[in-house]
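Visitor: Quick one: the structure is below, and I'll ask about it shortly.
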Amino acid sequence: MKEKFARWDILFLQYLKRDWKKIIVWVLGLGLFSAAYVPAFEEIAKGNGLLGMYETMQNPAMISMVGTTPVDTASDYTLGAMYAQEMLLFCGLFAMVIAVLHMVGHTRKEEDLGLMELVRSFQIGRQANSLAATIEIVFINVLLALFIAGIMMSFGTDTISAEGSFLFGASVGMSGIIGAGIALFMAQIMSTSSGATGSALGIIGLLYIVRAGTDVSNVDLSMINPLGWTYLTYPFTENNWFLLILATIFSVIVVIIAFALEEARDMGAGYLPEREGRESAKKSLLSVRGLLIKINKGVIIGWLIAFVIMGAAYGSIYGDMQTFLESNEMMQQMFTQSGVSIEESFTSTIMMVMIGLVSILPIAIVNKLFSEERSLHLSQLYATKVSRSQLYWTSIILATFAGVIGVLLAAVGLGGTAISVMGDSRSMDIFDFLAAGYNFLPSVLFFTSLAALALGWAPKLGKVVYVYLAYSFLLNYFGGILDLPEWFSKTAIQSWIPQMPMEEFDAPIFITITVISISLMVIGYLGYNRRDMNEGA
Amino acid sequence: MTKIIEVQGLQKKFGKFQALSDVTFTVDAGEVVGFIGPNGAGKSTTIRTLLGIIKRDAGNVEIFGKDVWKDSLEIHKRISYVPGDVSLWGSLTGGEIIDLFIKLHGGGDKQKRDYLIRRFELDPKKKAKGYSKGNRQKVGLIAALSVDSDLYIFDEPTSGLDPLMEAVFQEEVEKIKKSGKAILLSSHILSEVERLADKVVIIRQGEIVETGTLDELRHLTRSTVTIATEGDVAKMATVNGVFDFKQKDNQATFSADNQYLNDILMEASKLGVRKFESIPPTLEDLFMRHYEG
């Protein structure tokens, strides 16, 4: 036993030394994101704000996105209750995603890169690295939890109690630990780091979507969801510490299983069987297009399935909307006055959110060309008759095509499910959903073109496009809740596009953004055609 | 002779770092040119410039009389290249990758491909992530050798190959050489360059410090002479052109300037030669002289 983990402490200290900058950004960034919005929420809560917000948050659409609250009368809806409902699930998700990336980065990735081989040749135990990485992540999340609690308490708001603050922080930290556990587990199952990251994030996405359904239909079912053990702790209201114990037990079990799996496998191997490959290539592979499709296939298929499931999950909510409206007179009046049905209003919002997520896929495909370049995969191809223009435009067209299909699948997933659960009472047909989806196509093109621009002129900035996407996404997601000034929300590209079917289609905007996007792609090409290929030389 | 590669005053900067400051050399048809130099001297940078992967800052660089940046695609139709570090897609098999490279080059000989796979003893059904460094290198070599080209550029082609496979590579290169193709061979394995190359280009810190046939270069340096005489061998120490003189009994070893070889022989014959051995400088000696110099 001792031998297996020999000198893990050296690796652990090494990791802290290597990662200290990352840890600071991680704790500060996520900590402030989780805790520092208290003053903003105080603004919202002024006057009748809490009352109105309570009604808004009763909407199944909102619950499906941000989670539930145990409060059942508007007068009990405190600032703390609102903060926990709107923020906790999201902060937990972020903590999970970062933990997954970090965990895989220190385990499977090091194995892929051959670093682990070197490390193991020293007097280091076989599993010392996994233990060191696990302890590092637990340490960071404990730090994060305390930091969040400290900041929240420092605002001195009445309903943000000390106990609640600690629970809020602990719930976010716990989410990170759960995420790390899932990642460590998948790192044993899959035989590559990208496979481990993808599957771990996929599991988290699935848990999120499942809880969107169960939160609306029956909250008790969300209790059997590991993700539920974080945000259902209800800080500032019920203070359910018990769920964190469940989450701890779950994490410990997952990590123990992962260690057992790691012990039983060879280094560099996974548990999914390795098939013997083809002796010679299929015709379909033998072109630039064939090659690019092949190397992007996993990502494309994975995301397209995710889009359908996501659409279907949100679509399943449509059945409950009328029931919700019947029980709530105030909301009923609101919708009657505005002349827009609740379904249309929800479609408008959720479509913007979904198409934002669809944009990830084309960005990933465009960025892939640079990561291929950097990893020297293309060196030998540059010396063939394959031109830069072929590599560039094939990538861009493939990305655009994937975006178009992504929009289709998300819209059909949403619309198809919505129509089937609404039954006879439906007010929209599938074309309304498709129109609402493709209305946002220019935004997908815009993100694709930003990635293309980066590829051509400053390929290292390709990842920054994700940051802008995340920023726009959050702005859209919370834009409805926070009352943002017009110019501020317009910094997200989607905000320029009217939200169908609630608003009218705007042809000039649609064409303008499309033309700008295509121009950016052409400008990116000019850069790509003349820059040095980056081969780490 | 027709010039295949012509490099004139090539310069390249990466940021502030001057990677190439003055690179000039030529490769003629039917010629194997060994391109040698220490790590970081600019070998790969020069080759990447030749391939149009990076853009030169100054100088004139042509292959087949065409500009390597502007007419890169025209040039690429007639060349084969193997990078020093062959990096492959882990999810594809060696066989698939070879087929892909051949196809993207513009088509090659299926029989040649199968023949080379057998010669290099590569398992083409294995996924590339399972290949060792040597096996990845084989994939690159097989793909490059399966197509018909007029110029072959090899950047450290045998790194990671076992000596048996190195020999296979050398045989294949000799075949290409016999059919009159030009080859630029960057290598650290000097015995390989010595065996294959007609001409050697030595680069150091971004500059070409020596060019010429091996014979020409040898002439510039000293041979190692071992001599045993009847008379007092110590007298040899003062002869012109003798350096590093070491004596043991009446036998001595020293390095001799090739241009004074005649004087040295004349002096030695006066002492009554019992034994005379002269070993020409190896490429390694030449190389070391430039490494250290």
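Positions of Cβ are set from backbone N, Cα and C atoms, glycine also.
For reference, TrEMBL lists these features for the protein:
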{"type": "TRANSMEM", "residues": "A:23-41", "note": "transmembrane segment"}
{"type": "TRANSMEM", "residues": "A:87-107", "note": "transmembrane segment"}
{"type": "TRANSMEM", "residues": "A:128-153", "note": "transmembrane segment"}
{"type": "TRANSMEM", "residues": "A:165-187", "note": "transmembrane segment"}
{"type": "TRANSMEM", "residues": "A:194-213", "note": "transmembrane segment"}
{"type": "TRANSMEM", "residues": "A:241-261", "note": "transmembrane segment"}
{"type": "TRANSMEM", "residues": "A:299-317", "note": "transmembrane segment"}
{"type": "TRANSMEM", "residues": "A:350-370", "note": "transmembrane segment"}
{"type": "TRANSMEM", "residues": "A:391-416", "note": "transmembrane segment"}
{"type": "TRANSMEM", "residues": "A:436-458", "note": "transmembrane segment"}
{"type": "TRANSMEM", "residues": "A:465-488", "note": "transmembrane segment"}
{"type": "TRANSMEM", "residues": "A:508-528", "note": "transmembrane segment"}
Visitor: Applying the under-8 angstroms CB criterion, which one of A:23-41, A:87-107, A:391-416, A:436-458, A:465-488 scores highest with the transmembrane segment (A:165-187)?
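Guide: Answer is A:87-107, with the largest number of Cβ pairs below 8 Å.
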Visitor: Under 8 Å, at least three CB pairs between the transmembrane segment (A:299-317) and the transmembrane segment (A:128-153) (pairs 6 or more apart)?
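Guide: Output no: the transmembrane segment (A:299-317) is apart from the transmembrane segment (A:128-153).
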Visitor: So if I exclude everything within five residues of the ends of the transmembrane segment (A:23-41), which remaining residues of that chain have a CB under 8 angstroms from its CBs? That is, six or more out.
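Guide: Answer is 16, 79, 82-83, 86-87, 91, 94-95, 98, 102, 140, 143-144, 147-149, 151-152, 155, 157, 160, 168-169, 172, 482.
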Visitor: Select the range from A:241-261, A:436-458, A:465-488 that forms the most Cβ-Cβ pairs under 8 Å with the transmembrane segment (A:350-370).
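Guide: If we count Cβ pairs closer than 8 Å to the transmembrane segment (A:350-370), A:436-458 scores highest.
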Visitor: May I ask which of the stretches A:87-107, A:391-416, A:436-458 has the most CB pairs under 8 A with the transmembrane segment (A:128-153)?
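Guide: Between the candidates A:87-107, A:391-416, A:436-458, the best contact partner of the transmembrane segment (A:128-153) is A:87-107.
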Visitor: Who are the long-range neighbours of the transmembrane segment (A:391-416) in its own chain, taking Cβ under 8 Å and residues 6 or more past its ends?
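Guide: Counting only partners 6 or more residues beyond its ends, the transmembrane segment (A:391-416) has Cβ contacts under 8 Å with 288-289, 292-293, 296, 300, 303-304, 307-312, 314-315, 347, 350-351, 354-355, 357-359, 361-363, 365-366, 368-369, 378, 381, 428-430, 432-434, 436-438, 440-441, 444-445, 448, 451-452, 455-456, 521, 524-525, 528-529.
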Visitor: Counting only residues 6+ away from its ends, which parts of the chain sit with a Cβ under 8 Å from the transmembrane segment (A:465-488)?
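Guide: Answer is 40, 44, 53, 56, 65, 86, 349, 352-353, 356-357, 359-360, 363, 367, 447, 450-451, 454, 494-495.
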